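**Q** Pasting the feature list from TrEMBL:
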type: BINDING; residues: Lys45, Lys94, Glu99; note: ATP binding site
type: BINDING; residues: Asn191, Asp211; note: Mg(2+) binding site
type: BINDING; residues: Asn262, Gly325, Ile326, Thr327; note: substrate binding site
type: DOMAIN; residues: 9-216; note: domain 'ATP-grasp'
Amino acid sequence: MDLYEYQARELLAEQGIPTPDAIFAQNSHEVAQAADRIGYPCVIKAQVKIGHRGQAGGVKLVHDRDEAILEAERILPMTIHGHKVSGVLVAEAKNILHEYYVSISVDRSSRDFDVLATANGGTEVEQIAREHPEAVKRLHIGALGEFDIDAARRMAESIGFYHADVEQAAQILLKMWHCFRDNDATLVEINPLAKIGDPDDESSKSLCALDAKISLDGNAAFRHDGWARFDDPVQADPFERQASEHGLHYVHLHGEVGVIGNGAGLVMSSLDAVSGAGEEQGTGVRPANFLDIGGGASVEVMRHSLEIVLSDPQVESVFINVYGGITSCEQVARGILEALDELGGAKPLVVRFDGNAAAEGLRILAASSNPNVHVCETMEQAAQLAARLAAEAKEARA
Ligand code: GDP
Ligand code: MN
């Protein structure tokens, strides 16, 4: 789960990492109030879960109230790289003397934590890595060893922080690590970690996190009260929300064929098969969602899944693809019929079963003689049929 900058900076501040004063605002009236409180000049920053906002015109320095309102009215309706702006952060402007880059992320190949850092920050780290690969340091924090202040000091020195900044950089590295570890993050990135202050006054200079990007490990949500405080009321998809309330792995894709399967790999192949069928048939029909019912799915799980998928008004047909392992196809079949009993409706379902209790499952479906339930032997055939039925239903409606 990715956080907005305004949420990420809260987690940094909780660890005692210096961040500029800032207020999140969602309309120009709130922006004006926030800017008056923060003081001028201040920075108006688009809140979107994507980087390169500065280059896209989503970060602007303003010098008075009128300018703040003008920029708010320009930035709030923006869509940056396909992401609708959710609001803006009104942040205290700092005088930047130098920009560093530091991130901590999970390194799957070395099974530990990657610290990526450069003392030549400022531009995007990808660009620095391309043009000056020697300037980008890649260090590691062991998964089992202790990362303490001494280790952080050694790391700060090897990254190449200026002498005057080494001690403060070490403190920030250590706090970043605590932020990463305590929040079950997969990424904590500060870019820029800026040296700020008055160039002529040595004592005014300090390091400050001017931008923050944090991703949390969704599998650890249960240890953090489901991260309710990071709920996104603006962008939340009602179907995704309902699915997560039932503990289902659902992603809304906005096509016409609902897809339900067990196991992420099987569901993804099913999505491909549906997209391929839609293209082949020349209808452009596409999957409406990803929904993985997981292993050992019960009647209950199947019922909730169908409820959610069928409540999507864009859905014209549903492809159910289950390879019974722990999951019994018999249970899935019962769930399908119970759901249809409860939900009524007349959208066609195409079912493909294989593996554990597939024959029993198919027998139960056949015995119901429900005209909306179709059975196919292979995944390809089922995807083709589901795509064709969806296109026909759409056509009939048009
Ligand atoms: P990003 O483009 O999405 O990474 O957004 P950032 O928050 O990193 O902002 C982009 C750039 O705007 C930074 O690299 C800075 O150069 C500049 N910037 C952000 N905050 C301030 C500030 O307080 N003062 C000044 N002078 N520049 C800022
Ligand atoms: Mn940045």
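Just so you know, glycine gets a Cβ as well, placed from its N, Cα and C.
Burial and contacts for the listed features, if you can.
**A** The number of other CB atoms found within 10 A of the CB of Glu99 (ATP binding site), across every protein chain shown, is 19. Following the DSSP three-state reduction, the secondary structure of Glu99 (ATP binding site) is strand.
Listed in sequence order, Glu5, Ile190, Asn191, Pro192 are the same-chain residues six or more apart from Asp211 (Mg(2+) binding site) with CB atoms under 8 A from its CB.
Take the CB of Ile326 (substrate binding site) and look out to 10 A: across all protein chains shown you find 11 other CB atoms.
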**Q** If you count CB neighbours within 10 Å, which one among the binding-site residues Lys45, Lys94 has the smallest count?
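**A** Among the binding-site residues Lys45, Lys94, the sparsest Cβ neighbourhood within 10 Å belongs to Lys94.
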**Q** Out of Asn191, Asn262, Thr327, which of these binding-site residues shows the lowest number of other CB atoms within 10 Å of its CB?
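**A** Looking at the binding-site residues Asn191, Asn262, Thr327, the Cβ with the fewest others within 10 Å is that of Asn191.
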**Q** Around the substrate site formed by Asn262, Gly325, Ile326, Thr327, list the extra residues of the same chain whose Cβ is within 8 Å of the site's Cβ centroid.
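**A** Checked against the 8 Å cutoff, the neighbours are Gly263, Gly294, Gly295, Gly296, Ala297, Val322, Tyr323, Gly324, Ser328, Gly355, Asn356.
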**Q** List, in residue order, those binding-site residues out of Lys94, Asn262, Gly325, Ile326, Thr327 with a Cβ under 6 Å from any atom belonging to ligand 1.
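**A** Correct list: Lys94.
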**Q** Specify the nearest of the binding-site residues Lys45, Lys94, Glu99 to Thr327 (substrate binding site), where nearness means the distance between Cα atoms.
**A** Lys45
